[in-house]
Amino acid sequence: MGELLSIKNLKTYFYTEDGVIKAVDDVSLSIREGETLGVVGESGCGKSITAMSILKLIPNPPGKIVDGEIIFDGKDLTKATDEEIRKIRGNKISVIFQEPMTSLNPVFTIGDQIIEAIVLHQNMNKEKAREKAIDMLKLVGIPRADEVVDAYPHELSGGMRQRAMIAMAMACNPKLLIADEPTTALDVTIQAQILDLMRDLKNKTNTSIMLITHDLGVVAEMADHVVVMYAGKVVEEANVYEIFKNPMHPYTLGLLESKPILNQDKDRLNSIPGQVPNPLNMPEGCYFHPRCSKAMDICRREQPELCSVKDGHRVACHLYREVK
Amino acid sequence: MAELKKNTNKNVELKGAKKEDIMSPWKVVKHRLRRNKLAMVGLYTLLFMIILAIFGPIVQKYVFGITMEKIDLYNISAPPSLKHPLGTDEVGRDILTRLMYGGRISLTVGIVAVSISVVIGSIIGGISGYYGGVVDGIIMRLVDIFMCFPFFPLLLMLAAVLSDYKVDPKYRIYFVMIIIGILSWTGLARIVRGQILSLREQEFMQAAEALGLRDRRKIFRHLLPNTFASIIVSATLGIGSAILSESALSYLGLGVTPPYPSWGQMVQVATDYYVMQYEYWKWIPPGVCIFLTVMAINLFGDGLRDALDPKLKR
């Protein structure tokens, strides 16, 4: 399994009137072929911005990729021209958005929108593309696909729309599928179906998935490898078993503790005290130290670096520096 | 058993019919429009005018042998009679026939002028709204400048220039259409721009971007169709005002010139005191035609706006 995508020291900043917001600050991660990478973190920690940076979907201005490399298929996407990136979008890398209700254009039928993607990237004529669109809809488990293809988005339920979105994203057999909180807006049963579907598709087509979520349950179910982000930085990275069995960073620990567990007699869930710091006014040292129960002196002064503590398990915390 | 099967079949059909009903947004609009009686009156009046303008002259020519230029020397300035249901004008031409030809011209002016303004307005509004920033600033200032032009004096001036250059009366009407069209796109451009400004921030546009579409395609295939409702309403209402502009121009003798008739130009005879007082058949019919058509268009346009407004649920 070779590396499909590797992000090296990516920095995406937003230049606002109040100052520079470092939404993504020196993030490195990589996705191998056929692997599912879970990116976890609180709201506003830069998960989505990292993903959108890959396809240069950052609104510019105010956003800008300041530094770093995004190597996809041996090519640096940060240096790609608009024309090149356009050929990759929707073709080799597709995105599923969070809101299925608003991510489809209300004035076109589902079919029109899938066909558009296929015609654009695959040199197919309309009739063939239509057949392919129906096939894709069948593949994502939509009943009566040949009727739904002519339906408008408002006629479908949220789950159906999300399936249609996935069909659209998968229509060109992308190598990488970026799923930006694909199940957040859906109820739990539909959520499970959608996740099953994505896993099936992954196995069938050997597509890599970058799964952005704040739901650790989803991560446990789907991901092979997990990256935990906090305030624009990667704080911990390991494979999925390691993360759940042996979490190291206090933030990851906190996230895992704030998750409900069956058969446990507990009235309230634990929470991590405090909030994500204001990105305009980041604390000195480790960004997490004001909320960290294990904060030491050094945490207030020095920012920890991401170090390997075990094979494939990296963590950015001063607690583990000695271990190494 | 057979009956049961039949029943299920019927059910399926019913379901199909219901589905058909919610199929496209346009069907909803049609349904709502049908319930608006005033709008339907407008629509039918308008259709009647259009049919009269298209087929009337053909019937007159081939059934009664009357054309708009044919002069009946025995009946000059004759009041309505069986032979000339609306009388004749000062050179003995049949008023009814001229009215029909005038309708052709007035309606064509309205439709063509509005088409021009819709094309210009939606392209410019679309580009301005999509790119925003500096592009938007420049285009909107241009629109402001266009809006500052005193519309009517400018029309008069251009029409006077046309007269001076002795443009063939046959072609003058096209210039009138183009002039009205070019001067009236600004309002539409603003409407379209405003809508696109908010539409482009919608999630589906991010999704469209993630599909790798070009800007051109995003603006004209994905954004503009979302503004069709307001474009249609503003265009419908625009036809009415274009017809009025043309009538006013022709009334002042600067639009369509004889021998070609237009409603506005036919009303012009009322400037003569005698005609005004005694020869009512010369100016009332074209006046009524202008009134009815513009009224019908406005009623229909209003109804259309209500029908296309998704927030208005009754």
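Using N, Cα and C of the backbone, Cβ positions are placed for all residues, glycine too.
Pulled from TrEMBL:
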- B:38-59: transmembrane segment (TRANSMEM)
- B:103-301: domain 'ABC transmembrane type-1' (DOMAIN)
- B:105-130: transmembrane segment (TRANSMEM)
- B:142-161: transmembrane segment (TRANSMEM)
- B:173-192: transmembrane segment (TRANSMEM)
- B:223-244: transmembrane segment (TRANSMEM)
- B:283-304: transmembrane segment (TRANSMEM)
Applying the under-8 angstroms CB criterion, which one of B:38-59, B:105-130, B:173-192, B:223-244, B:283-304 scores highest with the transmembrane segment (B:142-161)?
B:173-192
For the transmembrane segment (B:38-59), which stretch among B:105-130, B:173-192, B:223-244, B:283-304 has the most Cβ pairs under 8 A?
B:283-304
Mind checking which residues reach the transmembrane segment (B:173-192)? Cβ under 8 Å, same chain, six or more beyond either end.
105, 108-109, 112-118, 120-122, 124-126, 128-129, 139-140, 143, 146-147, 149, 151, 154-155, 158-159, 162, 167, 224, 227, 230-231, 234-235, 238, 241-242, 245-246, 249, 255-256, 260, 262
